[in-house]
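What follows is a short report on a single structure.
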Amino acid sequence: MNSQLSVLIGRRFLAACTSLAFVIVTVFAITNILPGDATDALLGQGATPEAITAMRHNLGLDQPVFVRFWVWLWGVLHGEFGHSLLNGLSVADVIGPRLHNSLLLAGASAAISVPVSLFLGITSAIWKDTVYDRVISIMTLGMVSVPEFVIATTAVYVFAVRLHLLPALADVGSVHSLRQFLAAFFMPVASLALVTLAQMVRMTRAAMVDTLSAPYIEMALLKGVGPARLILVHAIPNAIGPIINAVALSLSSLLGGVVVIEVVFTYPGIAGLMVDAVSSRDVPTVQACALVFCVTYLLLTTFADIVTILSLPRGRKA
Amino acid sequence: MAATIQVENLEIVGRRGKGEELPIVRNVSFSVQRGEMLALIGESGSGKTTVALSLLGHIRSGCRIAGGTIRVAGYDVTALTPHERRSMRGRVISYVAQNAGSAFNPALSIMRQVVEPALVHRILPRRELEARAVSLFRVLALPEPETIGERYPGELSGGQLQRLMAAMALMTDPEVVIFDEPTTALDVTTQIEVLAVFKEVFAERGITGVYVTHDLSVVSQIADHAVVLKDGAIRETGTVSKILFQPEDPYSQALLAAAEPRSRQTDLAKRPAQPALLDVRKLVVGYGQATSAGLPEKVIVNHVSFSVPKGGMLGVIGESGCGKSTLARAISGLQPWAAGELFLNGASLAGSVRERTPEQRRHLQLVAQNADSVLNPSKPIGKTLERVVRFYSGLKGEAATRRVNELLDMVRLSPALASRLPSELSGGQKQRINFARALAADPQIVLCDEITAALDTVVAAAILDLMKELQRDLGLSFIFITHDLHALQSICDRVAVLYAGQAVEVGPASTLGKGVHHPYTRLLHDSVPLMEPGWLEATQRRRLAEATPVTTLNPLSPDPELCCFLARCSDRVGGLCDRVPPPVLSVSQGSSVLCHLPASIRPEFLS
């Protein structure tokens, strides 16, 4: 690796760190301008002003905003996200198992959608303008335009309500057999995978079509290079940057999908937790969840950019 | 003995979109004997590349062979299975593409690509192939043959890549090599080197070749036989000397007439001296942060001075990357300059077009190289012109339409074309519209940046005629930026020769090729191929004889003060050129030359 490359990557990291600092401040600011606070949710409508004041004091909500920001920031930097305002548990402990569940859901969806979409995208670029390509193109276009909650609720209606094949809720707690595993995960994973898949297929195909029309591909053909070598050695190395970029961007949109899917299937993940925390004004939990989402997003986009930098052909880096 | 290449009654059809099939190649037959070089001559759209690619059994998508036979080195190319076709390509017949810059895969090292044809055909193990590649690099006079293979296409120059592509084509010792305009994208000074190397290697290896080109001078140097194609059909076949010196077909004659260097000079050049209309003084343009000396980090145009009188035509010539286009952008106010001054009608011009007065903007117009990038593809050209007319003269409705028709007439186009979209016009017509757009401003001086570079010879010649007419009829001044010395000589009265951003010579255009010149001007002039058999060999011999060994000089230090041409100069004088910055010397014919003008080049030319 040459120094020019390190400079480029270093610069990208610096940009990621700047974004992270910005995200931290924004998360705190937004959670603080949410109307109402946890005392409303905890004490209910009939609370006396004294009780509210005492509660606010106990929770540290009566301190100036800057003090609270520093206390919170200090905690975040040490991996300590504070305690849930609702049940007093450490936020980290509350999030831990939920994050695990969400990662499982997202990971399973990605494990299915990435290879499938790369395959479909690359093959439909190779067989451009054939029936195969047209069918994939129409199907992905359709899927891109359907929002995930429609797919998810349709799936519930068909498989749970009509066919009684699968439970409508994702019962992750009692998975002991493959049957139960499939029952719990099939619909959430499939709905999530479908949504991201369409996007990735389209972007992969576009990157590959672009590369396959390059003069050096025709040149390789005229050298007597066979189809497998043409795709693997000549086309993929040039298309890989845009493809990985497309994959990373689609995976980051998977995060948004997770929120909807978890709510529809009452899946016990971090997105569901965050939605509950917002409605109960559990600010530390909301903050921690928001941070987790933002950091994941940042990691994915940074990863995509670094791959793009690394895949740039030599002599074209500037 | 049967011919190595035998094409009979070849018919290729193609369709655009969902339209019906149209013939692209019509009833083409020719043959090439073993060890001979055939030139396929034609303009763009003549089907010459389609024919060349069909010899490899490759037909671009949307097209198909509708009839005829192609036999190459014993293979019946039209009847091959895909597998047989693959096994023939790159092994028996190989291809050298027009633009090596884009035909090399940017993600793979040169060596991987050069050995690939031999590797996929399992001719030798990789290690031995690499050794063979290095020896080919040496034969093709590439720098650092041992290590050049480790580099990537983006790190090499166009001329080097073109030679590497030839090396790739020769790796498998093919019987037939197809060259598709291999030197068109190169500068003349590079082209002559590449041609000389190619020719030597063909002769040595007894290669049978097909050389696709539109350049008749190149044909005269490299081919034995020629086929003239127009609209997919053969117009004339014969030996090169017959086609170049006694063409029978009217189209061949027209091609030759357009290629012939022809003077369009009028008496205008002999008028009394006119006051300067545009005056460029010590212009410096560059990129990056300013250094302590106040100059930009990367200087593209370096202290260039010249002036254009009213009604004058100045040619700016130089190889790619010499700063021609940057100079045009700076003069037209699109690229701010770092130092120097510009005067139009005696008044100082601001560096940015925004700061110039409307009047100044009107007087100085730019005609860009690529008309497609200037004309709005979704607007009829009449509307495009009308907009410019309204912008500059405020004319509306009837009056504007009349003015548009007047402009079309000025560029010799029918007013009926006004309702056409740019895509419905030919390249030459688009370039005329591009001109009309500039004329709509009623300018005093028009900057033409490589306006004939993308055009076919016949069409380009007509554009040059148009420029001359406009100069005569409207008293327009031009700056004609080009890399084509013939075009420049035929219309310009003065010339500025640019090398590495410096105007190494400014003088009358009529004395190019005679009198005392800067060594680079001389190199440029001598590198333009002539339609004379044996010219290439004679020129190369002369070059070799006069080359100054580098050892007589100090190790070349990149001192910006010293002569920019030092490293390539055959007349450099050790102890002088590598120590003292060159002065600007005036020579008798009225040129000023940025050179010490060592005694070695003076007597030869003063005679």
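Using N, Cα and C of the backbone, Cβ positions are placed for all residues, glycine too.
Noted in TrEMBL for the protein shown:
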- A:99-304: domain 'ABC transmembrane type-1' (DOMAIN)
- A:12-34: transmembrane segment (TRANSMEM)
- A:103-126: transmembrane segment (TRANSMEM)
- A:138-160: transmembrane segment (TRANSMEM)
- A:180-198: transmembrane segment (TRANSMEM)
- A:246-270: transmembrane segment (TRANSMEM)
- A:290-312: transmembrane segment (TRANSMEM)
Long-range Cβ neighbours of the transmembrane segment (A:138-160) (under 8 Å; 6 or more residues past either end): 120, 166-168, 187-188, 190-192, 194-195, 197-199, 201-202, 257, 260-261, 264-265
Selection from A:12-34, A:103-126, A:246-270, A:290-312, the stretch that has most Cβ pairs under 8 A to the transmembrane segment (A:180-198): A:103-126
Selected stretch (most C-beta pairs under 8 A with the transmembrane segment (A:103-126)) from A:12-34, A:246-270, A:290-312: A:246-270
Outside the transmembrane segment (A:246-270), six or more residues from its ends: residues with CB under 8 Å to it: 95, 97-99, 101-102, 105-106, 109-110, 113-114, 117-118, 147-149, 152-153, 156, 168-170, 172-173, 187-188, 191-192, 195-196, 199-200, 203-204, 207, 289, 292-293, 296-297, 300-301, 303-304, 307
